[in-house]
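Undergrad: Supplied in structure tokens, the structure appears directly below.
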Amino acid sequence: LNPRAPPSLPGTEAGRRASQRAMEDEEMERKVPQYLHRKGFRLTELALQEERNRLSTTSLSDVSLSRPDNDPARYYDGYNKLRSWAYNSLDQYKDWKLRVLYPAFIHCFMDLVSEGHTLEARAFFLKFREDHELMHSRDLQKLEGTLSPLHLEEMDLARSLRENKFRIKLCEYSYELLLQYLQKTQALVMLGIINERIIFEVSAGQPSLISDDADVVALVGTSKDLAKQINQKEVHWGLLEDSVEERMEKALSDSDRAEGESKDADAEDNNKKKSSEGGKQGGPLNKKLKKDKLVGATGKNTKSETSMISAAPRVKPELTLPATPVEVEQSILEDLRNRAQLNNLALLSVSFYTFLNTHNGLNCSSISNDGSLVVGGFSDSSVKVWDMAKIGQPAKTFSSQGENGSSQDERLSSTSEGKRPYTLFQGHSGPVYSAAFSPFGDFLLSSSSDSTIRLWTTKLNANLVCYKGHNYWDVQFSPVSHYFASASHDRTARIWSMDKIQPLRIMAGHLADVDCVQWHVNCNYIATGSSDKTVRLWDVQTGECIRMFIGHRSMVLSLAMSPDGRYMASGDEDGTIMMWDLSTGSCVSPLAGHNSCVWSLAFSCEGALLASGSADCTVKLWDVASSTKALKMDDTKAGSTNRLRLLKALPTKSTPVYNLRFSRRNLLFASGALSL
């Protein structure tokens, strides 16, 4: 053959000969199976058919492999075929197969960007974005602006996605179907992404409807056992030994018991006197006395059943705790005497404080323990404190407190005589994102984007200390008031004491911003919620992470600890609330609580109820006592779930709920800014 000879064209003699040979070959291939079938050579016919199939598959693979390695179309073709395979599956298996699509979509897009195919990556993203908009809208918004390999290196989310793996839960049969599809289609691009980027947890048994477990698709570290290894560490979740509340409750129970015994003795003496004098009058009096005793006993039983605190273990403090003043102990004792016992039959009262005319300038708010003071942090760097005792009084002068501690009297900038008086604290040079009162209301902390935390005194209306460090999203006092914790944009949380300007501990480990922080009731631990969709528990003495809670699908915005210290609730941007068992590190109650961001969570004093406040303008009350009681009775294994029951939803007119707080008397305070 002459290698330089031109190819045979259809109109030439050589072309006609080639076409004739091809027709003869096709006729021969058709007649041979007919001959074998007519002669009864069944095995030979099957062997011939298998050989033809093998040759056909090999030729198709050669065609697919002939595509250049840098051809961007291979990502589009591979993902489109995988998507069609998943969506065309039976409904029984479709929900399980669809879980693979999001990791494949994300990494196809990022691989296209990293290889420099910007236009193709953009077209791919817009083509298939709608498939994942419902569950991953926030991540898609961040990735939408990724246009170059440099963006992938600079963006925290992209770096986290490329450095870590997805963990996906699949039923055994769906996993086998996926393997068969990858083997049959020889989809090398998808096979490489799945092998490198996904870890499968295969569960035995038949597939069921899609689980509402938030952990079915989760981003974990490169080590599969990272979270499990951390969660094996021991956590002492009990209450402090000889705490103020414990001493006060013991003193209160002793005084109530002595008072009850004296009343019973007096009633019996009076009853004996009247029964000896009156004859028939003794019958109804005896019945009334028995009824009073029955009511008293029932009340005590209700109190013991609803209280989670009495059964909690006691632990020793790891921090040096300050002494409690006598007047504070007397105040706590008085509050405990007047505490309302709440349960699913006896719901609480709510006092809601609404900010008016804030013009979208209010960033945060907080309420003191007794509800007497309300603070707001504003975008103009100001901090304002309202005294509820002065609400409705005629407008007078208010105190404006500067950074240097000097105060000046200024007339309220309003012609209305009913203007609410407030104390203005000035000192920050950036928007104020968090404010918190001390447990006894004598101090106030405010954190700002100016990289400072300021400590104010509410008695002198003065700025005492300025703590400098990082950009702060949240700040919270410890239950004993002397220590406080901060959460920051630099992915760390810090422990501070009021008498030192440098942090005592720095907790590092989150992959994105730390958005919220919460102290444990025994002051030995703090919890942090992050934009990396995880919650972590830290030991304040060592600064070590001892629990990692994985399950949220969006950034974690709020945290709350139960009064006995065993459970923790967390709320995220999607409106999901999850309750965790600190002793095991498992989620005990996941629920879709709200339609928007959950900005605040609070447990009632005895732990029977959980209140949640959201940007959807509602406060919701959840039954915690029934859920935790069933959990303890069943002695369930780690990972099993139990639903929290919604007791009541309390909608506001048009006020997103910024903050919730239970007083020591079990009155729920809430605050928010009216949005029109």
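Each Cβ is built from the backbone N, Cα and C atoms, and glycine gets one as well.
As annotated in TrEMBL:
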type	residues	note
COMPBIAS	248-277	compositional bias 'Basic and acidic residues'
COMPBIAS	299-309	compositional bias 'Polar residues'
COMPBIAS	396-407	compositional bias 'Polar residues'
DOMAIN	70-198	domain 'TFIID subunit TAF5 NTD2'
REGION	1-30	region 'Disordered'
REGION	248-309	region 'Disordered'
REGION	396-416	region 'Disordered'
REPEAT	355-388	repeat 'WD'
REPEAT	425-456	repeat 'WD'
REPEAT	475-506	repeat 'WD'
REPEAT	507-548	repeat 'WD'
REPEAT	549-590	repeat 'WD'
REPEAT	591-632	repeat 'WD'
Undergrad: Cβ under 8 Å to the repeat 'WD' (475-506), counting only same-chain residues 6 or more beyond its ends: which ones?
TA: 319, 321-322, 434-440, 443, 445-447, 453, 455, 465-469, 512-519, 521, 523, 526, 528, 530, 538, 540, 543
Undergrad: How many helix, strand and coil residues does the repeat 'WD' (355-388) contain under DSSP?
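TA: Here the numbers are 1 helix, 18 strand, 15 coil.
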Undergrad: Can you count helix, strand and coil residues in the repeat 'WD' (425-456) using DSSP?
TA: 0 helix, 18 strand, 14 coil
Undergrad: Going by DSSP, how much of the domain 'TFIID subunit TAF5 NTD2' (70-198) is helix, how much is strand and how much is coil, in residues?
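TA: Split into helix, strand and coil, the domain 'TFIID subunit TAF5 NTD2' (70-198) gives 103 helix, 8 strand, 18 coil.
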